[in-house]
């Protein structure tokens, strides 16, 4: 993520899909609730970002 | 005036790339709903004009806030130091030197982002107008740096001109290259250029702070020493009349020229400040050690009185610390 807007973009896209999450630009973390890991990985990847566990 | 040009060039080079990374997606979404290509171009133009106007207004407000915040030259110097450090941290963040620097960023509220995103769904030109104006709520890193610089000018006109010039500079990138530019920002060179430009602004701010603090460690003085300027200076003592030392400073658009280099400690000084068609920030004259701050007319004369009480260097400058000068006070 290059700026806070990236974090908000990810949050917003996941929110639109009904996934509760919190994305932090400063910490470079994405916190989600529920068993939706695969779907989250796909949405985030489609936005051009990569998730590292 | 140099700061305004620098702001324009910053926008033209790195600012446009940085802004489009943050705002380009929203613009594209808004424009994508308009099917006609001609209308598409009109929509981008409307977006950019709206953006320029809103940022110019923002600059005006920032300058107004800055002018209210500046109480004394010393407070102003502290303000400039904070600005300089923030800019250096921004450069560190862009270069990703350490995760710590990621905290030095102005983050818009989440509801603002959602509101802006909803606006992109409109099919009329109203959406680009609103979007262009609302981009002030989600500035990119370089824009944030420029806003801090504008705030530090403590002048609503200067601040508005800086923001106008910067956003005008970013516009060609938005208009000509569109989203394809987002691929370019992945190149490391872009980050280096951005960080370099912001570091230049940081150095200007910190140098201004040094000048406002009355320090001799300014770039102007370093340059004067390097170029041998101090060796050729002629010592000119102030004339004393009716118990006052009389000195005159001619205020130019590019700095100060004094007819006196040396003052005597313990004798009151009557300092005449002469301006003639001056429109730069040199009109905002300060003597930090006496907390003297005076806004001079563009043409005319002003008298400042004070008594130097100890020998040493007595510095004066403009309120931004860009233009400096000093007297030698002797016993």
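For all residues, glycine too, the Cβ spot is worked out from N, Cα and C.
Where the annotation comes from TrEMBL, it is an automatic prediction and has not been curated.
Your range for transmembrane segment, going by TrEMBL and the list B:42-65, B:234-257, is B:42-65.
Along the domain 'EfeO-type cupredoxin-like' (B:236-325), the predicted structure has mean pLDDT 87.
Taking DSSP states H, G and I as helix and E and B as strand, the domain 'EfeO-type cupredoxin-like' (B:236-325) has 6 helix, 51 strand, 33 coil.
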